[in-house]
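Colleague: Pulled these from Swiss-Prot:
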type     : residues : note
TRANSMEM : 8-28     : transmembrane segment
TRANSMEM : 35-55    : transmembrane segment
TRANSMEM : 74-94    : transmembrane segment
TRANSMEM : 106-125  : transmembrane segment
TRANSMEM : 132-152  : transmembrane segment
TRANSMEM : 162-182  : transmembrane segment
TRANSMEM : 208-228  : transmembrane segment
TRANSMEM : 233-253  : transmembrane segment
TRANSMEM : 264-284  : transmembrane segment
Amino acid sequence: MIKQYLQVTKPGIIFGNLISVIGGFLLASKGSIDYPLFLFTLVGVSLVVASGCVFNNYIDRDIDRKMERTKNRVLVKGLISPKMSLVYATLLGIAGFMLLWFGANPLAMWLAVMGFVVYVGVYSLYMKRHSVYGTLIGSLSGAAPPVIGYCAVTNEFDTGALILLAIFSLWQMPHSYAIAIFRFKDYQAANIPVLPVVKGISVAKNHITLYIIAFAVATLMLSLGGYAGYKYLVVAAAVSVWWLGMALRGYKAENDKVWARKLFVFSIVAITSLSVMMSVDFMVPDSHNLLTYVW
């Protein structure tokens, strides 16, 4: 039974979000780590993400039955009752929000609330099923964890937080479209209006390319703004160029499914690399940096 309650929280998604939380937290800490704050932030975000995932599993249990990838999920198979999943999700959420409020700061908690509401209330309940723009809206919730980590330290939403929001939101788009391409039949069967299904894979490839270019620009802003160093800059540039090259090769791909899966895998490598580099190659912002004038 414990295994089922763990599975319904989507541990893989929690782990991926924790990497970005750590990146944002350590970027803001700049070598001076408040370990109790670090622990409260990690556990708090983990619980909120887990809660969102359980609510998502509850909401999506009808369409999950139609998709090969999700047909064996805990709620679909009836291993946990829908009522118990709602209670479980609610308790996880309350615990997570309380930890962020008392262990971090109110700003971190409210950012978590906004991310949660967007993911569960806007994306899962409506946009995912009714709009081709669901992925775009959902990307905002996916970008919340690193911003929460950052603001847990700074206790303010500054330019650095805005750049992180842009980086991780833009990253979500090609990442999600790649999944939709190599899982095309699943989304089609479940009648989910993702871009590749609604507009076609060729249109999705154009969007992927444009979003990766925008992502590349956003990643450089951390260094240009004086938040991250040149080692981060080199890695960010290299990762972006390689990812863009993979996207461009998609126009000549003989097998879109294989190409999209490779693009998806590298997207994880890309965002993990950036999270690690911003954790170790941070800088104290100069009051006369470039973004002072831009923003």
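Glycine too: its Cβ is placed from the backbone N, Cα and C atoms.
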Colleague: In terms of Cβ proximity under 8 Å, which residues at least six beyond the ends of the transmembrane segment (132-152) contact it?
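Modeller: Distant Cβ neighbours of the transmembrane segment (132-152) are 17-18, 20-28, 37, 40-41, 45, 49, 52, 100, 104-105, 107-108, 111-112, 114-116, 118-119, 122-123, 160-161, 164-173, 176-177, 180, 193-195, 198-199, 275.
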Colleague: Are there residues at least 6 beyond the ends of the transmembrane segment (264-284) whose Cβ is under 8 Å from a Cβ of it, and what are they?
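Modeller: For the transmembrane segment (264-284), the list is 16, 19-20, 22-24, 26-27, 29-31, 146, 167-168, 171, 174-175, 178-179, 182, 219, 222, 226-232, 235-236, 239-240, 242-243, 246.
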